[in-house]
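Okay, structure first, notes after.
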Amino acid sequence: MLLLALDTATPAVTVALHDGTDVIASSSQVDARRHGELLLPAVDRVLAEAGVRLDAVTDIVVGIGPGPYTGLRVGLMTADTFGIALGVPVHGVCTLDGLAYAADIEKGPFVVATDARRKEVYWARYADSRTRLTDPAVDRPADIADQVAGLPAVGAGALLYPDAFPSAHEPEHVSAAALAGLAAEKLAAGEELPAPRPLYLRRPDAQVPKNYKVVTPK
Amino acid sequence: MADSRDEPLVLGIETSCDETGVGIVRGTTLLADAIASSVDEHARFGGVVPEVASRAHLEAMVPTIDRALKEAGVSARDLDGIAVTAGPGLAGALLVGVSAAKAYAYALGKPLYGVNHLASHICVDQLEHGALPEPTMALLVSGGHSSLLLSSDITSDVRPMGATIDDAAGEAFDKIARVLNLGFPGGPVIDRYAREGDPAAIAFPRGLTGPRDPAYDFSFSGLKTAVARWIEAKRAAGEEVPVRDVAASFQEAVVDVLTRKAVRACKDEGVDHLMIGGGVAANSRLRALAQERCEAAGIRLRVPRPKLCTDNGAMVAALGAEMVARGRPASSWDLSADSSLPVTDTHVPGQDHDHVHEVSKENLYS
Ligand SMILES: [Zn+2]
């Protein structure tokens with residue numbers, strides 16, 4: 001088994017190669033505006049570091065969010081396309097689950113929250129690092145204060161809103177290494193992973209921008 | 001004659017607006033033109049909603065690539081390159097196509113060519129009428145563009161002669177169709193009603209055609225407002241709006257200006273070929289009037305069939321194949337989607353250093 005994992009659902013552009021037991025190589029860069037530019041060079045670097053070619057990979061693992069849409073789609077589109085080009089399966093993993101796994105908390109409950117922008121967080125509650133208790137949701141921190149009160153929390157969304165998450169701590173962003181580790185465990189246990197489809201959680205802003213479609217340079 | 005199998009086999013991906021296009025060409029021969037459109041999802045908003053378009057591109061991409069390969073009857077392994085629209089267009093939508101193209105090219109070990117959407121609109125004519133004459137004058141008209149471009153080599157030299165200073169021609173069609181309650185998109189339905197109307201019934205203004213106005217620029221905003229006002233006045237007076245005559249007179253005002261300026265540019269520059277592309281090139285009156293005026297001026301008119309005029313992947317593949325044929329440098333793996341890629345950048349060649357496209361940042365992730 002050779003897993004290539006990637007996630008672009010948070011400000012981190014993160015890639016890892018995992019042989020089913022251990023992480024062989026990985027890369028994480030935090031730059032919320034350059035997912036599209038950074039992802040492919042990162043894949044190339046990770047493969048070169050491990051000394052393997054992409055066609056040696058047996059499975060693709062991708063973070064399906066929730067996360068800001070534009071960045072999220074970069075990872076999903078890349079994973080989808082690797083899948084058809086290589087003829088290998090593409091597995092989805094909830095990005096919050098990856099963060100929970102990276103937090104390495106054996107006894108919860110605890111909360112994972114990432115930044116959803118617009119003063120909201122994507123979040124879910126966990127019993128331990130491998131067991132999610134609630135569906136991922138998007139809310140204003142103040143509106144969920146009673147549901148997360150007194151619980152430890154991880155993720156940039158928790159660190160950003162200390163009023164709602166007073167005991168927030170690292171990790172801030174998901175890592176593909178964690179994503180791959182979680183996927184490898186689940187696949188070895190014969191568990192089915194979700195399809196690689198995005199968790200947007202919000203409907204698109206149905207706003208036709210003024211001067212829509214105007215792409216001719218003035 | 002050279003064996004056509006020596007010509008570059010290129011797959012092109014287009015996602016600059018609401019069409020997910022994947023085309024495959026061998027040199028100037030069209031092998032596949034697969035399209036998935038999200039136009040129906042935008043109809044109720046009266047225009048393209050960027051986030052809706054981006055979501056649809058992600059879902060449609062893999063099935064559309066599969067369809068194109070099947071249609072062309074070629075194996076992905078045999079491709080000589082992958083081309084993709086790098087810009088201009090809707091930032092988030094472009095990024096889906098660029099991500100797919102990069103991953104596909106990388107996984108297959110093929111060169112990647114990020115190309116200009118407008119140059120692709122011109123180059124697509126090679127699939128219909130063979131190699132582009134050099135130079136070629138091109139009139140690109142759609143919901144997104146109204147430009148007059150002069151190209152001596154479609155892979156390296158596209159010069160803007162003129163462009164709209166406000167709305168694109170296709171936008172005006174959409175707006176007037178909305179005012180007339182004819183739905184979205186407006187182009188085809190206005191064309192249909194106009195066929196039964198009198199183009200001389202109402203004298204609508206011709207923008208930027210005064211003696212001191214820029215010779216090759218367009219303006220459709222004033223026309224749009226004039227037509228809307230005329231319709232509203234009729235309604236306010238309790239009179240019935242003569243939809244067919246309004247459609248015909250409005251359409252005539254648009255195509256009159258477009259063709260007049262395009263022919264003038266050809267004459268001024270001594271160019272004996274005019275190509276018309278973009279979605280509005282499907283308009284029957286534009287085709288007829290352009291034909292008439294080009295014939296009178298001794299200019300050869302080239303208009304691809306309507307399916308190649310609207311956004312599609314084949315046009316991107318056509319330009320990609322030309323890039324390969326002329327030995328243009330490939331793009332690098334950090335290729336950006338650039339929503340405002342200048343028309344003069346026919347493609348985005350790779351750089352030795354790690355460069356950032358400052359322009360695209362704002363639009364991409366806001
Ligand atoms: Zn176009």
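If you go along the chain as it appears here, the first residue is 1 and each next one adds 1.
Cβ from N, Cα, C; glycine included.
Cross-referencing B:Asp153, B:Asp157, B:Asp174, B:Asp272 against the substrate binding annotation in TrEMBL, which names B:Leu140, B:Val141, B:Ser142, B:Gly143, B:Gly144, B:Gly187, B:Asp191, B:Asn283, picks out B:Asp174.
For the Fe cation site that TrEMBL gives as B:His117, B:His121, the extra residue drawn from B:Asp311, B:Asp334 is B:Asp311. In this entry, nothing among the binding-site residues B:His121, B:Gly187, B:Asn283, B:Asp311 has a C-beta under 8 A from a C-beta of chain A. Under the DSSP three-state reduction, B:Gly144 (substrate binding site) is assigned to coil, being neither helix nor strand. Cβ proximity to the Fe cation site centre (mean Cβ of B:His117, B:His121, B:Asp311, cutoff 8 Å) flags the following additional same-chain residues: B:Glu14, B:Ser16, B:Thr85, B:Gly89, B:Leu118, B:Ser120, B:Leu140, B:Ser142, B:Gly144, B:His145, B:Gly277, B:Gly278, B:Asn312, B:Met315, B:Val316. Within the set of binding-site residues B:Gly144, B:Gly187, B:Asn283, the entry lying nearest in space to B:His121 (Fe cation binding site) is B:Gly144 (CA atoms). The substrate site in the record is lined by B:Leu140, B:Val141, B:Ser142, B:Gly143, B:Gly144, B:Asp174, B:Gly187, B:Asp191, B:Asn283, and its two most distant CA atoms lie 18 Å apart. Taking B:Leu140, B:Ser142, B:Gly187, B:Asn283, B:Asp311 as the candidate binding-site residues, the subset whose CB lies under 6 angstroms from any atom of ligand 1 consists of B:Ser142, B:Asp311.
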